[in-house]
């Protein structure tokens with residue numbers, strides 16, 4: 001079986017040693033499978049992977065597993081199946097870019113399997129403790145620790161790239177996407193976490209949503225998913241810290257948010273399907 005992986009040192013195709021499950025290339029670069037169950041594909045043994053704070057990781061884990069995002073997950077599952085079913089390929093390659101602790105993969109992979117679709121799922125991140133957590137949670141995908149500036153995947157090797165936990169930056173996701181492939185992206189909407197955002201920006205006013213997309217991509221479909229949930233103060237703080245505006249909150253505001261439950265916090269996302277401009 002041909003793998004979509006490239007050697008991070010010399011960019012030649014990687015093969016897999018079936019007994020050890022490690023990867024190797026014809027230039028004799030070897031990448032062993034970590035005991036925890038993921039593969040470090042780093043160009044240099046001295047490369048220091050990113051690390052997320054333990055507190056951040058714990059808060060995020062408990063928040064995601066609490067079921068707060070359940071309405072969103074249902075729509076993501078439906079959308080991913082729709083994207084896959086629209087393709088004529090019999091077997092799929094799916095990359096979850098910046099997969100973090102594997103939460104979204106654990107929600108999506110079983111649904112794809114239940115639909116009877118043959119699909120190889122890959123999760124990649126540059127944060128070592130995040131990929132460790134993903135592997136420990138038995139995320140049903142091949143998990144890769146690697147630098148994101150140059151993904152260790154061949155050009156046009158992926159049918160679907162999901163970008164749920166990160167901004168779509170650079171050209172790498174576009175490079176690895178097949179010409180008829182799709183990028184499924186999650187973008188916070190205008191009203192997302194509005195009641196928290198109001199505390200960070202006292203003069204907050206609602207503005208139209210702006211999507212800064214690469215010129216090589218165009219929108220195929222766009223769906224709003226919005227709902228309200230009651231959240232405890234600690235959950236509100238974790239949501240703040242996970243947001244793009246969390247860095248603006250000082251310690252005093254964080255303490256205030258942590259101490260106060262929010263009865264109807266707005267969640268607002270856009271699920272966007274992108275395709276290449278050909």
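Including glycine, each Cβ sits where the backbone N, Cα and C put it.
Keep in mind that what you see is a predicted model, and the values were worked out from it rather than measured.
Under the heading domain '23S rRNA (guanine(745)-N(1))-methyltransferase N-terminal', TrEMBL lists 6-42. Summarising the annotation, TrEMBL assigns Zn(2+) binding site to 25, 29. Residues or ranges marked as S-adenosyl-L-methionine binding site in TrEMBL: 69, 192. Annotation comment: TrEMBL describes 95-184 as domain 'Methyltransferase type 11'.
With the fewest other Cβ atoms inside 10 Å of its Cβ, the least crowded of the binding-site residues 25, 29 in this structure is 29. For residue 29 (Zn(2+) binding site) paired with residue 69 (S-adenosyl-L-methionine binding site), the C-alpha to C-alpha distance reads 41 Å. Residue 25 (Zn(2+) binding site) and residue 69 (S-adenosyl-L-methionine binding site) are 41 Å apart (CA-CA, integer value). Counting in whole angstrom, residue 25 (Zn(2+) binding site) lies 45 from residue 192 (S-adenosyl-L-methionine binding site) by their C-alpha atoms. The number of other CB atoms found within 10 A of the CB of residue 69 (S-adenosyl-L-methionine binding site), across every protein chain shown, is 20. In this model, the domain '23S rRNA (guanine(745)-N(1))-methyltransferase N-terminal' (6-42) carries an average pLDDT of 95.
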